[in-house]
Amino acid sequence: MSATLSPAIAGELSIRSLHKEFGGVAAIKDLDLDIRAGEFLCLLGPSGCGKTTLLRMIAGFEEPTAGVIELGSTDLTRMPAHKRPVNTVFQAYALFPHMTVAENVAYGLKQSRTPKKEIGQRVDEALTMVRMREFADRSPGQLSGGQQQRVALARALVNRPKVLLLDEPMSALDRKLREEMQVELKLLQKRLGITFIFVTHDQEEALAMSDRIVVMYDGCIQQIGSAEEVYTRPANSFVAGFIGKQNFVEAVVVSDDGGALRLRSVNNTTILPEPNAAGDPGAAGRPVPSVGDTVRVAIRPETLRLRVAAGVPSAPNAVLGRIAGVSFLGDVVQYVLLIGEDTEILSRVPRSDAVPLPTDEDVLIEWDGVDVAVYCDEA
Amino acid sequence: MTSRFRKFLGDSALSFPTWAYMLFFFALPVALVMWYSFGFKPDQFTTHSMEQLSLGRYREVVSPTFLSVFTATLRISIVGTLACLVIAVPFAYWLAVKVPPGRRGLLLALVLVPFWTNFLVRTLGWQIILSPDGFVSEALQGIGLLGSPLDILYSRAAVQIGVIYNYLPLMILPLFVAMDSAGVQLREASADLGAGKWRTFFQVTLPLATPGVISGCLLVFIPLTGDYITASVLGGANGTMIGQLVANQFQNAQNWALGSAMAVVLMLFTLAVVVITALLALVVKAVIKYVGRVELPTGQHAGPDAGTAADLPEGSGVRQAEPAVSGTTTGGPHA
Amino acid sequence: MPERIRRRSLTDTALWVWGAVVFVFLFLPIAVIVLYSFNNGRLLASFDELGVQAYVSGLQNDVIIASVMTSLKAATGTALLATVLGTFGGIALARATKGAKWPVLLTALLALTLVTPEVVDGIAMLPWFVTLGVDAGLTPFNNGLFRLVIAHTAFSTAIVTFIIRARMAGIDSSLEEAAEDLGATKWRSFRDVTLPLAGPGIFAGALMAFTLSLDNTILSSFVQQPGYTPWPVYIFSAVRVALRPEVAAISTAMLVLTLLALALVGLVLKRSGNSSSQIVKTMAGS
């Protein structure tokens with residue numbers, strides 16, 4: 001059955017120099033993006049970053065100010081929404097309240113004048129697939145949020161779109177249900193092989209589901225990569241800060257020995273980033289700081305090691321701090337550490353590795369140079 | 001107020017003045033009219049007498065004059081309501097969908113301007129426009145479209161134009177509200193699923209605007225049926241409406257019994273038209289629903305062969321998920 | 001960057017044309033009345049020469065001024081009374097416990113007043129006022145102005161109630177609970193929280209009642225007493241005799257005043273943070 005729902009032609013999208021302005025304000029700035037056939041792509045970014053505008057242009061609800069959107073060899077740019085082989089799962093589902101669940105799902109098929117018998121079969125398949133078959137005669141108002149979402153999914157997928165667009169479809173669900181739906185959606189996508197473009201502002205959701213993540217900010221793409229890439233090798237400090245928990249501290253470049261930087265930060269802490277490590281300046285065309293520059297240093301909370309201090313550290317990549325708070329988060333223990341007067345950083349330690357630490361005296365905070373990322377940009 | 005008294009009244013206490021007023025100045029007098037309709041007019045100088053109750057006045061009501069005026073009134077009000085609907089549907093759609101949101105408020109306010117202008121004065125405006133020696137008549141003759149002066153004032157046609165004009169805003173408003181609150185998202189969803197503009201209109205926008213259509217039709221039809229001012233200004237002797245007959249019995253003939261019986265008949269007939277139309281609409285809706293129904297293959301989903309097992313991502317744990325919420329508490333607009 | 005291609009389909013063009021045509025239709029007779037109010041001739045319908053004579057003589061005509069004043073007084077009284085009743089009714093309906101029977105009954109009663117033809121209201125009111133005023137000796141019911149206010153209130157209250165109910169339904173009742181939680185008595189929370197929140201609705205309702213009363217012809221013609229002829233009834237009787245341009249002049253003046261009042265309402269509602277569509281919806285009581 002999965003074959004019947006699979007698209008005949010792969011949904012390969014190519015977006016060239018796409019530009020969109022609303023009343024003179026640019027929402028999308030000269031954006032290029034290639035979306036591979038059958039991939040699960042997340043557009044991730046804070047609200048107002050242009051991700052929804054991009055999605056709406058792919059769907060055909062907004063006309064680009066300039067640029068081209070192509071599906072395979074078909075130019076979609078000026079094609080009206082109802083002619084595009086693309087379907088959408090809307091944020092608030094947008095189920096037709098005056099139709100039953102079955103009528104909602106059949107709507108798209110009726111538009112393409114599918115024979116009645118086939119409509120019945122395909123609606124049945126689609127509803128069975130999302131396990132809503134027994135709700136076929138209900139009206140959408142009688143369904144819970146999760147059920148409405150699955151109907152919305154069936155309504156879109158029953159048309160066998162080449163690309164399925166999902167506009168923050170999980171935002172109305174509670175956490176537990178959302179996590180279950182993430183798994184379900186991912187499995188469904190793998191099985192159907194349809195290109196999924198998923199818009200979200202929830203980075204955990206993006207990390208959990210995507211083959212690739214497109215991090216957007218201010219109408220531009222900040223980074224494209226797998227979940228691991230954007231997490232471990234953020235292209236800039238925006239991405240570094242947006243994805244996952246992050247500690248940022250300011251530091252001054254003291255010396256540059258052929259790319260091996262020596263930085264000084266709060267409390268005269270010496271930071272030695274390891275060259276060619278994560279977030280290495282110079283990589284991917286990023287600017288290289290010169291001696292005397294102030295830079296932003298990012299260190300993930302889980303890369304910090306804490307132990308009882310035995311005096312002021314002399315080695316680099318270590319600093320003394322005081323534990324200002326401890327929270328138990330289930331699988332990890334999170335410490336809020338105070339360095340000096342007002343520099344707060346986070347440390348996360350797996351519960352099994354957590355050792356009792358004094359809260360009334362300084363602890364030693366250590367990290368490896370390889371986990372240090374240095375950014376010259378302002379974010 | 002003692003707490004027991006308050007408990008007895010519950011949260012309805014605040015509505016007590018409204019209750020009292022509406023019962024005393026609406027329900028009671030209307031009940032009195034119904035009561036009078038069973039009485040009679042004993043002599044020239046007495047308006048009514050209730051000494052002998054009978055249905056005699058109702059027999060008097062069903063006279064050829066009354067019936068012919070009644071048919072004419074009904075025709076004008078039905079044609080008027082339908083014409084208002086036909087004019088208002090595309091207009092409300094244009095206003096709710098095509099006009100940019102920023103300009104919608106101003107245009108809506110403009111629709112209200114005639115609505116807030118004295119309707120007699122507006123009707124007088126039509127009297128001037130339609131008069132045989134008015135500027136429209138002269139202009140039409142001037143460009144050769146008319147050979148003789150415009151002969152429309154004091155005719156049924158003039159009355160028809162006048163009532164359509166006077167009640168049009170009452171149709172536009174509820175339609176606009178209904179189409180506007182359906183929201184852009186459902187229309188986008190429809191386009192996304194492959195429906196063009198026309199199909200979206202007839203399958204999504206219009207069905208969702210049904211409550212607006214219903215209230216618009218009621219708001220136009222009911223006052224229009226009772227109205228006789230517009231008709232007497234624009235129709236003259238040809239513009240006698242049923243309301244005029246009722247009014248005459250009270251204002252000229254001083255026959256309250258007969259007038260009351262006419263009023264009751266008017267109310268009942270108005271109600272009957274509304275009920276019959278509603279039933280017809282329900283039948284039409286049922287037919288449309290039946291024609292467009294989706295028949296799912298039966299029994300298949302229960303069987304193990306339908307590929308269901310393979311389709312369920314096992315272990316995702318959604319199977320035991322949330323029970324259906326009864327009622328209409330979950331999100332999404334409702335018709 | 002290339003100029004965005006603007007295409008408007010045939011149906012879109014047709015819709016814009018239709019919108020314009022309907023607006024012309026809606027404004028044609030009003031424009032005519034305004035134009036003819038500057039007719040210096042003796043008869044309204046035959047345009048003689050341009051001038052403001054009609055305004056001058058209209059304002060000097062005691063009968064016209066008296067009837068306009070009667071209308072304005074009746075409309076003010078109606079607005080006050082209907083707004084009080086409608087505010088109580090509307091708030092009570094919006095805050096009623098779910099499942100109670102009385103809100104359904106009250107709504108039905110109010111809806112009934114809306115679907116009753118005006119002529120029926122009129123013929124029902126006339127004998128009732130005679131019964132109360134003459135037979136029962138309640139003399140106020142013989143006063144023309146009192147009768148107008150009572151009768152107009154009876155049919156405006158429903159609309160005011162529905163406008164205020166709609167307004168209150170959109171307001172979280174936990175705001176009132178918050179006031180009580182902070183130590184306000186029921187009365188204080190009603191006065192300090194509920195009423196101000198209902199404010200725009202109350203204002204719109206009052207304006208609606210005022211205009212409905214000002215516009216009312218049929219009901220007024222039944223309940224009016226000598227010496228208290230309201231403006232529309234005056235026009236209606238003038239239609240049967242001979243229409244002079246004064247009627248158009250005074251109407252135009254009143255239209256301008258109504259528009260100013262409307263603009264004021266719009267401004268007040270806009271201040272309270274409503275979108276323009278919402279404002280008009282509130283004003284229309286939808």
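The backbone N, Cα and C atoms fix where each Cβ goes, and this holds for glycine too.
Residues or ranges marked as transmembrane segment by TrEMBL: B:20-38 (among others). Long-range contacts of the transmembrane segment (B:20-38) within the same chain, counting only residues at least 6 positions beyond its ends with a Cβ under 8 Å from a Cβ of the stretch, are 48, 50, 53-55, 57-58, 256-257, 260-261, 263-264.
What TrEMBL records for B:70-277 is domain 'ABC transmembrane type-1'.
Per TrEMBL, transmembrane segment is recorded for B:74-95 (among others). Sequence-distant neighbours of the transmembrane segment (B:74-95) (same chain, 6+ residues past either end, Cβ-Cβ under 8 Å): 104, 107-108, 111, 156, 159-160, 163-164, 167-168, 170-172, 175-176, 178-179, 201, 205-206, 209, 212-213, 216-217, 220-221, 224-225, 231, 241, 269, 273.
Sequence annotations record features per position, and here TrEMBL assigns transmembrane segment to B:107-129 (among others).
Remote same-chain residues near the transmembrane segment (B:157-179) are listed as 76-77, 79-81, 83-85, 87-89, 91-93, 95-97, 108, 111-112, 114-115, 119, 122-123, 126, 130, 205, 208-213, 215-217, 219-220, 223-224, 227, 230-231, 233-235, 238-239 (criterion: CB distance under 8 Å, separation of at least six residues from the stretch ends). Marked as transmembrane segment by TrEMBL: B:157-179 (among others).
The feature transmembrane segment is assigned by TrEMBL to B:200-222 (among others).
The annotation transmembrane segment is assigned in TrEMBL to B:256-284 (among others).
The annotation region 'Disordered' is assigned in TrEMBL to B:302-335.
Packing against the transmembrane segment (B:256-284) from elsewhere in the chain are residues 33-41, 47-49, 57-58, 60-61, 66, 70, 74, 78, 214, 217-218, 221-222, 225-226, 242-243, 245-250: each is 6 or more residues past its ends and has a CB under 8 Å from a CB in it.
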